[in-house]
């Protein structure tokens with residue numbers, strides 16, 4: 001029993017613990033090599049097409065660049081302006097909707113946090129007012145009375 005040797009399985013385990021036959025492994029490898037080779041050839045063709053397109057387009061871009069560059073800059077600025085305007089519009093509608101819900105008492109998300117912050121701020125304002133009154137009363141000379 002002590003000299004019993006365990007052999008390593010020659011086949012990989014499948015996803016459910018079943019051993020896959022050698023032919024299945026060969027088929028998987030052949031499929032992977034075929035797909036990888038096809039993608040490699042395709043990437044080479046795309047690279048060659050890009051180089052050819054740049055070779056043809058570069059003289060045209062150089063000739064028309066005094067017109068194209070300002071036009072592209074203008075189009076880009078107009079597009080960014082419209083997108084920014086739309087974004088600010090959506091933000092404004094969202095904020096106005098939230099304010100409407102808050103004012104009508106529908107408790108939108110974050111309203112309780114706003115109320116807590118408002119109460120804390122009001123409490124601190126009262127504390128500062130009280131301290132200012134105490135400070136003012138302490139530093140008034142005894143001979144002078146405040147006229148109210």
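The backbone N, Cα and C atoms fix where each Cβ goes, glycine too.
What you see is a predicted model, and the numbers here were worked out from it, not measured in a lab.
Here Swiss-Prot flags 2 as N-acetylalanine.
If you look up Swiss-Prot, you'll see 2-28 marked as region 'Polar'. Mean model confidence for the region 'Polar' (2-28) is a pLDDT of 65.
Residues annotated as region 'Hydrophobic' in Swiss-Prot: 29-148.
Feature annotation from Swiss-Prot assigns transmembrane segment to 37-57 (among others); the stated evidence is sequence analysis.
What Swiss-Prot records for 81-101 (among others) is transmembrane segment.
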Can you count helix, strand and coil residues in the region 'Hydrophobic' (29-148) using DSSP? 103 helix, 0 strand, 17 coil
